[in-house]
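According to TrEMBL:
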DOMAIN    5-43  domain 'Sphingolipid delta4-desaturase N-terminal'
TRANSMEM  43-61  transmembrane segment
TRANSMEM  68-87  transmembrane segment
TRANSMEM  107-124  transmembrane segment
TRANSMEM  187-204  transmembrane segment
TRANSMEM  210-231  transmembrane segment
Amino acid sequence: MGNRVAREDFEWVYTDQPHADRRKEILAKYPEIKSLMGPDHRLKWIVCMMVAIQFLAFYLVKDLDWKWVLFWTYAFGSCINHSMTLAIHEVSHNTAFGNNKAMWNRYFAMFANLPIGLPYSASFKRYHLDHHRYLGGDGVDVDIPTAFEGWFFCTRFRKFIWIILQPLFYAIRPLCINPKPISQLEVINLTVQLTFNVLLYWLWGAKPVVYMLAGSMLGMGLHPISGHFIAEHYMFLKGHETYSYYGSLNLLTFNVGYHNEHHDFPSIPGRRLPLVKKIAAEYYNDLPQYTSWVKVLYDFIMDDALSPYSRVKRKLKGEVKQE
């Protein structure tokens with residue numbers, strides 16, 4: 001558990017990200033893919049159902065013993081809450097109501113945020129679009145770990161701790177890498193979320209609040225679904241910076257595993273990404289891919305060649321337009 005990772009820096013490249021060129025090539029060959037773009041009208045109803053399920057869970061856990069509160073927090077609440085963060089990811093691409101109703105998407109994301117407990121949706125939107133536009137961009141893409149993370153979490157045990165603490169690093173990293181002025185939507189998101197949290201405590205006590213907040217933290221830490229954080233862009237194979245996952249957990253995560261397809265076509269809802277792979281199969285079948293996020297987590301911890309440094313980074317050229 002004490003072996004140190006040999007890598008001492010990120011994988012610096014001097015080429016553009018591959019997704020824009022592949023998108024142009026695929027659209028030239030398969031223009032029908034454009035018909036897959038646009039909102040997924042089922043998404044808002046699925047999100048409403050998930051929010052309602054968590055509200056029911058809040059009511060049910062209020063009278064349980066603490067041991068059962070903690071059990072259901074990890075066994076159920078963490079799965080739903082992580083899935084809700086990926087619903088917010090979907091909505092950030094305007095797939096609930098379409099581009100013509102952008103603000104409807106923003107406020108609907110705040111509604112989806114309620115059972116997560118942490119004000120997340122407004123800030124996520126601002127930084128996530130930068131991640132797509134400037135994948136691996138030094139000082140812009142906050143999905144890339146800080147140099148401290150790469151330097152310190154360099155042994156198997158420390159990588160294990162790093163995975164547990166991922167929610168903390170995702171919260172702090174934007175402040176270190178690319179701080180932005182607080183927006184009005186972020187203030188509204190914070191106000192709405194804190195009001196909801198206080199009302200939940202006032203109505204049903206501390207147990208639903210613990211179930212909610214701990215479920216979010218556990219679900220985004222050492223959890224099978226959180227394997228997607230590592231699987232998406234960590235460089236398991238030199239020269240490849242985005243990887244897709246084609247396993248069953250896509251059913252709970254709005255097909256976020258179809259990550260090459262998503263970065264190639266971010267305006268296509270997750271539900272339709274398998275159709276992209278089916279239509280343009282020759283572009284995706286031979287790319288490195290995963291079938292188990294649990295194995296991704298295990299390999300990341302145990303492989304001494306992998307660490308938070310295992311990310312492709314690039315210096316950005318020209319004008320950088322951020323959200």
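Each position is counted from 1, following the chain as shown.
Backbone N, Cα and C define each Cβ position, glycine as well.
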Of 68-87, 107-124, 210-231, whichever stretch has the most CB pairs under 8 A to the transmembrane segment (43-61): 68-87
Composition by DSSP (helix, strand, coil) of residues within the domain 'Sphingolipid delta4-desaturase N-terminal' (5-43): 18 helix, 3 strand, 18 coil
Remote residues contacting the transmembrane segment (68-87) - C-beta distance under 8 A, at least 6 residues beyond either end: 43, 46-47, 50-51, 53-54, 57, 61, 112-113, 115-117, 120, 124, 207, 210-212, 214-216, 218-220, 223, 225-226, 252-254, 256
